[in-house]
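Visitor: A single structure is presented below for examination.
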Amino acid sequence: MALNKSMHARNRYKDKPPDFAYLAGKYPEFRQHVQTTLAGRVSLNFKDPEAVRALTCTLLKEDFGLTIDIPLERLIPTVPLRLNYIHWVEDLIGHQDADKRVLRRGIDIGTGASCIYPLLGSTLNGWYFLATEVDDMCFNYAKKNVEQNNLSDLIKVVKVPQKTLLMDALKEESEIIYDFCMCNPPFFANQLEAKGVNSRNPRRPPPSSVNTGGITEIMAEGGELEFVKRIIHDSLQLKKRLRWYSCMLGKKCSLAPLKEELKIQGVPKVTHTEFCQGRTMRWALAWSFYDDVQVPSPPSKRRKLEKPRKPITFTVLASTVKELSIKAAAMGWDAVEGIAVVRAWIEKILADLKVQHKRVPCGKDEVSLFVTAIENSWVHLRRKKRERVRQLRELPRASDDVLQAMEEEKNSQNSVSNSVDCEKSKTEDSETELVAPDEDVHLTADDELREESATKELSEHMEEEETEAKQTEASFNEGSSSAEQGAQPSEEAGNLTAEKGQSPKETSRCFLFKCLMNVKKEGNDVLVEMHWVEGQNRDLMNQLCTYLRNQVLRLVAS
């Protein structure tokens with residue numbers, strides 16, 4: 001039940017939802033409506049009116065000792081949601097801090113067949129209720145429910161004419177000051193709204209429970225907005241006859257115009273709240289003409305946060321840490337062991353990349369760096385290296401046909417020089433013979449030298465990549481999988497960005513991304529975590545993580 005954690009703090013169902021299995025074992029009437037899955041989970045069909053009624057009656061009996069009857073043709077209340085409203089009224093009138101011996105008086109406008117608010121308020125707090133009802137069936141059931149629970153001395157159910165709210169109901173009791181009024185107004189203005197045809201977002205899923213309310217319970221002229229405005233109009237005449245006026249709303253969009261109406265009318269004290277239960281949310285509005293009442297603070301605005309993501313991690317094994325410590329000591333560093341030496345090497349790599357970083361406060365046995373990447377310098381280095389190897393591969397090389405033609409020409413020149421008897425010709429031929437082979441050898445040697453150089457650097461590059469892969473497999477545990485998975489696509493994304501020539505200044509932000517890096521002990525090893533903060537692309541952080549990991553391994557391998 002997604003919204004249960006947002007229930008009223010005193011709601012008994014907030015941290016302990018109803019145990020259907022226990023209730024089914026104790027109450028036969030409820031047992032016939034539950035289903036048990038193959039996994040042993042007990043569930044209830046909230047689309048079945050009889051099942052919903054059985055749950056409400058069972059909860060009232062089990063948790064409050066109340067026995068009620070509700071017709072299937074009328075609204076079946078959910079107990080946790082109604083309990084939220086009762087607890088909020090307690091907050092409004094200061095019930096928790098007041099003398100419990102002082103009788104509190106309330107009015108329930110349209111109490112319904114269950115008469116649930118008066119029954120709960122009287123049972124929990126000993127409040128006196130005047131409960132009004134316009135529907136004959138609801139009135140009869142409400143009276144019966146009050147009588148069978150022996151609460152007639154605290155709850156008075158009265159039948160009133162249609163459209164009667166507060167003014168007519170209080171005509172006979174002009175001297176009594178009530179502490180509060182409660183109301184669940186009809187939410188809808190017509191049948192289309194009641195069926196959700198023209199009021200629900202098309203992307204919103206359908207209601208998860210059945211609606212059994214009668215016409216007067218769920219529909220009124222103008223819907224809940226106009227209904228509550230009529231209560232506001234009555235309150236402007238009654239004013240201090242009630243300390244608090246309140247209503248529950250089914251639509252959030254009704255809240256703002258009603259608050260604006262109260263502001264226009266000059267009502268001095270106004271507050272609101274939210275009621276949460278399961279996947280259902282309701283809103284409540286309260287106002288008062290008393291200056292001495294304590295106004296509960298409205299709920300704070302909850303920011304919609306991104307779903308928390310796991311950090312990108314890699315582990316530096318104890319053996320690797322030891323090698324890093326030896327190298328750090330040889331360089332005369334102060335940090336030569338544990339997380340300090342890993343942090344020091346990472347700081348050096350970041351500095352070489354010109355990635356901004358600073359140390360920030362952190363927990364015990366760990367160090368933290370706040371990292372801000374301005375440009376994608378790590379991909380630039382990899383690209384330059386790949387480009388150099390590619391150029392060496394593509395150096396010009398003479399073809400076999402050219403080499404053969406040059407060899408034939410040399411042989412023909414040798415044969416011509418041998419046929420000349422003149423000493424001068426011999427000398428010239430010999431010089432020619434010496435020059436031609438020298439030129440030929442020089443060209444061949446140059447080609448071979450370039451080939452050898454290209455082959456050697458390419459071989460070194462391939463060996464380096466192979467060593468890097470082996471070291472990665474040997475030194476990093478499964479925690480680095482998230483970084484490895486992001487490396488390939490992230491590199492492509494980085495290349496694409498660079499090819500387009502987009503500098504940070506050309507974007508709306510002056511940085512690529514920000515992250516928090518934690519370096520901490522994990523047994524004998526050291527764990528490096530990178531937590532995303534904000535930026536253009538999370539893949540960029542994957543790239544940097546992969547680069548840092550590989551550079552740390554390269555330090556040990558070199």
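Here the Cβ of each residue, glycine as well, is placed from N, Cα and C on the backbone.
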Visitor: Return the residue out of GLU50, GLU62, GLU133, GLU226 that Swiss-Prot annotates for the same S-adenosyl-L-methionine site as ARG82, GLY110, SER114, THR164, ASN184.
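Guide: The candidate from GLU50, GLU62, GLU133, GLU226 that Swiss-Prot ties to S-adenosyl-L-methionine along with ARG82, GLY110, SER114, THR164, ASN184 is GLU133.
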Visitor: Name the residue range among 90-94, 95-99, 170-174, 250-254 that Swiss-Prot annotates as region 'RNA-binding'.
Guide: 250-254
Visitor: So how many other Cβ atoms are close to GLY110 (S-adenosyl-L-methionine binding site), meaning within 10 Å of its Cβ?
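Guide: Taking every protein chain into account, the count is 24.
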Visitor: What whole-number value in Å do you get for the largest C-alpha pair distance within ARG82, GLY110, SER114, GLU133, THR164, ASN184, the residues recorded as binding S-adenosyl-L-methionine?
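Guide: Looking at ARG82, GLY110, SER114, GLU133, THR164, ASN184 as a set, their Cα atoms extend up to 23 Å apart.
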Visitor: Under a three-state reduction of DSSP output, how is GLU133 (S-adenosyl-L-methionine binding site) classified: helix, strand, or coil?
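Guide: Its secondary structure by DSSP: strand.
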Visitor: Should the region 'RNA-binding' (277-283) and the region 'RNA-binding' (250-254) be scored as in contact, given a threshold of at least 3 Cβ pairs under 8 Å and pairs 6 or more apart?
Guide: yes
